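Take a look at the structure below.
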C-alpha cells in the first residue's frame, strides 16, 4: 500500500515513521529540496499545478496532505482522474475557507461564536457595535498560526483587507481556556477519538498541550467529543480531524477552527497513546481499521521547540531519560516550529516541569 | 547529527523512525536496490569493499551496523581513517567469531556451556565421548538464524565443515528456556538494560518473545543483567548488545550467543518500552544520554511474521485495535522474517493470544 502526501513539512515528516513501521510505502510531493519530510520526498513541485499533482498521484494508492492549501480545482482534478483523495475536496473546503466553515457549522446547529461575513467597513463597524466594540477579523483563506487574524475595535484596523471578497468577523469570545478534540474517521465511517486536550497558545501559536485537558472528564469531554463527531460525520471528513474549541467563561464549548490533518495538539499521541495521530491518519486514509486511542500515561504534556535544535544541546535535552525529544530537521530560524518535547507520568506538575525543562534547553 | 548504517535489512529499517523523530539524519549503505531500509539508502554497494565503505563514511558522523558481517580489515580501515565506528572492531570481533567469543567469555569467568575448538573429526569425537554422545557444532563465522549450526552425534555429520579452520563444539545444554538480555552502552560507559525476556525459537529462529521473562524477577533477572553488563564492559561494546542465554534445567544461566546491534528479542521495545532498542542504539552510538527502559505494560509479547504481509490481510490483522503490526517492506518469500506483531497488557495469556492471533492472519 502506497500513501502519497502533498507537502513536505513536519506533519508529512511525522507520517513517515508509522508508515515504515506498518510496512507501507510513503512518498511526499515536497515544495522544495531539503524539506522537513525530505527522506520520503520522491518529487519536488508546485502543489497548485494540477499536472504536477496528477503525476505524483499516479505513483500512489491514496493522496493525503501535510497542509490545506491545495486548491479545490486541483483536488477536483484528482478526484475526476479516479484518485483516492482523503480528506476529499468537499470536506477540505471547510478547512480551507473559514467563512464556509462558519456557515456550515451554523446550519448544523453546532456551537460557534457570533459571526458575520462583512464586505465593507460599515458592516464591520455595525458588528463591532453589536458585540461590545471589539471583535476578531479573519481572512477566510490562507491564515495559520495567528496569521490572517486580527483583533480590532475599528474597521480602519483592517482597511488593507477589504476589497478581496468578504471577511469573517467573529465575537471576541471570553474563554477560560482553549481545548482541542482530535479524532480520525475512515471513509467507511469508523471514528476513533483521543481524549480532549488543553492547548496553550502564545502569540497565536500553539505552545503547550496537556492531555487529557485537566478537569475535563464528564461534561466537557462529552461535549467536545459530540461536537467533533458531528463535524466529522456531517462534513464527511476522512483522516485526522482536529477541532479547536473555546471553553468559555460561561461554560459553553464553541468551535474555533478546524484542521483536516494531523495537528499540533495531537503530537503528544506519538509517545502518549497506543496509536499516534500520524499512524491513525495513515490507517484512516487507507480505510484500515483504526487503532486504540488509550493513553499510556495519566498525563502527557507536549511543549513546542521554536527556532532550532542545536545539536550541541541534544545531550542536555536528553539528560532526562523519559523526555521524548522530536526534531523536524529544519534549518534554524527564529520563531519557527523546530520540534517538540513530550513527557508523561502520573503527577501533572512534574510532567509539565519535565517537558518544559527539556524544551527550554533549546531556547536562546 | 548524521548516522550511517551499513546494511539495508530490517534492523536498519527500524532505526529510521527514531532517527526521524530525534531530528537526526540517517543514511544506509544497502547491499542492493529495494532493500528493507531503502527509504534511507543513500548508497548501494559492497560492504566488504573498504573504499565503498570509506566513501559512505565520509557522509556521516558515526558508522554503525545492520549486521555483523563487515570484515575486520574494512572496520580497521574506517578506524584508521578517523571514522567513529560503533561498535568498534575490537568489540565486534566477538560477535563475528563464536570461537573467539567463547575463549574470551571463558577467560572472563562468565558462565558458558562446555566447549572446545576442534580441527579434526577425532577431536570432535573425543568431545562427544566426554559430553554424552551429542553436541552442537558451529562454524565460528557467518552463521545466523540456525544456519551454521548442527546438532551431531558423530563427526561424520559435519565432515563437510572440516578443513577450513577450527570448528566450535559445544555441550548440548539441557535448558528450561531461552532468555535474552538486551542493553545499550555508550562510548562514555553509561549502560541501560531492558528487563530480561524469554525468547521462543522454532527451527533455530526466534518466533516469539515474552517481556519480561515470566517468573524472572529476582535471581534470574539479576544474573542475566550481571552477565550482560560484564560482557558489555569487558568487551567494550558500544550500541545495543543482545546476550542470548540458556536457563538450564539445573538453574544455571549460560551465555549462548552475542549480537552487537538491535536484536529480534528487543523488537517488543518499539511499542512496549519508553525507549525502543532502535532509538537507544542511535543514542548510544552518538554518545547521547540513554533513554528510560521502563515497560509501558506489565506484559509485552512479540510474535514474528514469516513469509510476507499480504496487503489484503492488513484489515484483519489490524482489527484488534491494540495490536501493533510491523512490516519490513520485503518481497514475500517462504520462511523469511517479514514483520512482527507486538501486543501489550496486564494478562499474559490474553496478550499472547492477541499477538499470535494478529500474526497468524498472515500465515499461509
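Cβ from N, Cα, C; glycine included.
Checking the candidates A:138, A:147 against TrEMBL: the one annotated together with A:98, A:170, A:171, A:172, A:173, A:178, A:256, A:257 at the ATP site is A:138. Its own atom aside, the Cβ of residue A:178 (ATP binding site) has 21 Cβ atoms within 10 angstroms in the protein chains shown.
Maximum C-alpha to C-alpha distance over the listed ATP-binding residues A:98, A:138, A:170, A:171, A:172, A:173, A:178, A:256, A:257 is 18 Å. Within 10 Å of the C-beta of residue A:257 (ATP binding site) there are 18 other C-beta atoms, taking all protein chains into account.
Its Cβ placed at the centre, residue A:98 (ATP binding site) has 24 other Cβ atoms within 10 Å.
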